[in-house]
Amino acid sequence: MKQIVITLDSSDILYLEKQGDKQALAKASLESIKKQIGEGISQINSAKESSNANKGSSSGFGLKIDGKSLDYSLNKNLERSFFELAINCASVICCRSSSKQKARVTRLVKLGTGKTTLSIGDGANDVGMLQEADIGVGISGAEGMQAVMASDFAIAQFRFLERLLLVHGHWCYRRISMMICYFFYKTIAFGFTLFWFEAYASFSGQAAYNDWYMSFYNVFFTSLPVIALGVFDQDVSAKLCLKYPFLYLEGIEDTLFSWPRILGWMLNGVLSSLVIFFLTTNSVLNQAFRRDGKVVDFEILGVTMYTCVVWTVNCQMALSINYFTWIQHFFIWGSIAFWYVFVLVYGYLSPGISTTSYKVFVEACAPSGLYWLVTLLVVVCVLLPYFSYRSFQSRFLPMYHDIIQRKQVEGIEIGLSDDDLPKQVQGKLIHLRERLKQREL
């Protein structure tokens, strides 16, 4: 790696420092830094042109700059040029820089690239940098706890950064992305059934569900499974996350939280609501529901549709989870069971309290085989398209974690060839191998 050094240790600058002429020193320093930055940019451009002409890989550049030179480089007139030079280097070392300078460099990179920035520090002079970055990681050590107090995450040693990013970073990105998308899904799937019912009832204002059904939907019947997803889910183990670092690219490329994926989950919610409402109504209306020949009224229709919604969104969560523990099983199936307990107990209260839910489940729904058959039919019809889509995607259009999961199922010892790796990772491997060959020669 070739070095580009920007410094003010030239003889002319040292002479002006001895003279004590601050105005002349500032002007000469600014011109010197401007010249060195321009020479560095020209050197990088020349290397790129020669590598393109020879159709080979250019060796990287490293930039080294001290605190005094950095102060002039962050001048408004030179800031853009310095950023252009720094961003084209493989690594940048800013030595003997102040806390303010660290924060300004972090802000320059964050605003200039528009990417997520991470800062890591262990002392009080790193506080500004940690607060300026999108993510601050503090190391608790001999320099005190100021960095830890100002950071978003704290680790005991620098070597723990690898596990923080590759393992917990990957897990948390997946958990939060899936949790937010699932919130959109379950809310739309439930809310649009109300809309379809209102359209079916000519917007008369008649509610499809009992008031307490709607109040408890996001509190008891669907909240705990999504919390379990956001806390416990793991697509691959920690060992495999460290063994295959390219899994972290899912977060960098925003694979799981892009607009197409969010809109896909929202569309899934709309389609689920359509299937739930129209399949339920067409299955139970205009025919005998009870043994005495009575047909369905809106109270029974509401309980049947609500049962289908609770089953659908919780089973959808079961299909989305990769890592099952007894907690996930308890929350998912427990939420469904709690709905039956609630509608049973609530229906036994006096009609003034239970209103439209008075003994509906006990006297009408539970004894009817059509109620259980419709629930099963609706849940299968809603979940089958998503199951088919995920099966096709994981096999023919796999994401990074799908590749690892498939290899893990096929054999205990996971061995990936270059063809199995993503194209971006393949390109980096080719570049590294070429550099190793050049060093050997």
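Cβ from N, Cα, C; glycine included.
Pulled from TrEMBL:
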| type | residues | note |
| --- | --- | --- |
| BINDING | Arg96, Lys102, Asn125, Asp126 | ATP binding site |
| BINDING | Asp122, Asp126 | Mg(2+) binding site |
| DOMAIN | 148-398 | domain 'P-type ATPase C-terminal' |
| TRANSMEM | 183-203 | transmembrane segment |
| TRANSMEM | 215-232 | transmembrane segment |
| TRANSMEM | 262-280 | transmembrane segment |
| TRANSMEM | 300-323 | transmembrane segment |
| TRANSMEM | 330-349 | transmembrane segment |
| TRANSMEM | 369-389 | transmembrane segment |
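The two recorded residues, Arg96 (ATP binding site) and Asp122 (Mg(2+) binding site), have Cα atoms 15 Å apart. Residue with the densest Cβ environment among the binding-site residues Arg96, Lys102: Lys102, by other Cβ atoms within 10 Å. By the count of Cβ pairs under 8 Å, the stretch nearest in packing to the transmembrane segment (369-389) among 183-203, 215-232, 262-280, 300-323 is 300-323. Apart from Arg96, Lys102, Asn125, Asp126, the residues listed for ATP, the same chain places the Cβ atoms of Ser97, Ser98, Ser99, Gln101, Gly121, Gly123, Met129 within 8 Å of the centroid of those Cβ atoms. Within the set Arg96, Lys102, Asn125, Asp126 that the record links to ATP, no two Cα atoms are more than 12 Å apart, and one pair reaches that distance. Non-local neighbours of the transmembrane segment (183-203) in the same chain are 209, 217-218, 222, 226, 262, 265-266, 268-270, 272-274, 276-278, 281, 305, 309, 312-313, 316; each lies 6+ residues outside the stretch with a CB under 8 Å from one of its CB atoms. In the shown protein chains, 22 other C-beta atoms lie within 10 A of the C-beta of Asp122 (Mg(2+) binding site). Summary: among the binding-site residues (Asn125, Asp126), the fewest other C-beta atoms within 10 A of the C-beta are counted at Asn125. In the predicted model, the domain 'P-type ATPase C-terminal' (148-398) has a mean pLDDT of 91.
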